[in-house]
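*Asks:* Okay, handing you the structure first.
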């Protein structure tokens, strides 16, 4: 069980998507309570009752939207792809349920003018956890298993073409596609933002580029060994300088990779992983790049 909770899980969607999802949740909560009026709401005698009941949906929407957009913004490292797991996803959703419980509890006390008691609050929290923990865990674990199987099965069907052995730096390979070596480019030059620092190398030797804040780390081969050079530049700037080389492609917001150097593809619940240089280097693939990466690896 603990091993499952530590498994990588799909990262949170962008804030705009989270707000839309929160809106759907709030709409569902509001409509459900107005139509069925459970939890004693049917006996609640008050003016503009349907409007007040629908307010529970508004509270749920606001708290859910804030929860799924504010915390990832304030603590990006905690929610980073490399740290996001099944356990964290479950805990994060349960925390949102608790916040909604508190919010709706105070909302009910505001309009129903019920006496605030600690017993009622504790009962509401325990009821929320008791009811919510199993479906939340089931949905997240089920989603994890479904995505894991899907990406593993698809990754098993991918056999990169045009792969250059890690010790090779110049000889072209026989493949259905035109590799960098076959394209005949002698060199590529990456220029930093200050227009002074630069790196010139054979595009065949370039393995990948990784961005971090305002810097990019360039991984390349020299004398059969992996070397690294740090350039102050955005990844988009360096990517634009590599446009002539069709096999050097963006696969993630933080990575550009040389498809001719991808030796193996694996998959987990977060998506594809590209393995280079005997598996010593691993590069994630963002979902938005899945289609183009798969086509490039297959040589379509």
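All positions are counted from 1 along the displayed chain.
Placed from the backbone N, Cα and C atoms, the Cβ positions cover glycine too.
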*Asks:* Which range is it, out of 120-145, 146-171, that shows up in TrEMBL as transmembrane segment?
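*Replies:* My reading of TrEMBL: the transmembrane segment range is 120-145.
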*Asks:* Among 86-108, 178-200, indicate the range for which TrEMBL gives the feature transmembrane segment.
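*Replies:* Matching range for transmembrane segment: 86-108.
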*Asks:* So what's the mean pLDDT when you look at the domain 'HTH LytTR-type' (190-300)?
*Replies:* 93
*Asks:* Determine which residues of the chain contact the transmembrane segment (120-145) at the Cβ level, with the cut-off under 8 Å and only residues 6 or more beyond its ends counted.
*Replies:* 4, 7, 9-10, 86, 89-90, 93-94, 97-98, 100-102, 105, 114, 269
*Asks:* Given a Cβ distance threshold of under 8 angstroms, which distant residues of the chain, six or more beyond its ends, lie next to the transmembrane segment (21-41)?
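*Replies:* Here the qualifying positions are 13, 50, 53-62, 64-65, 68.
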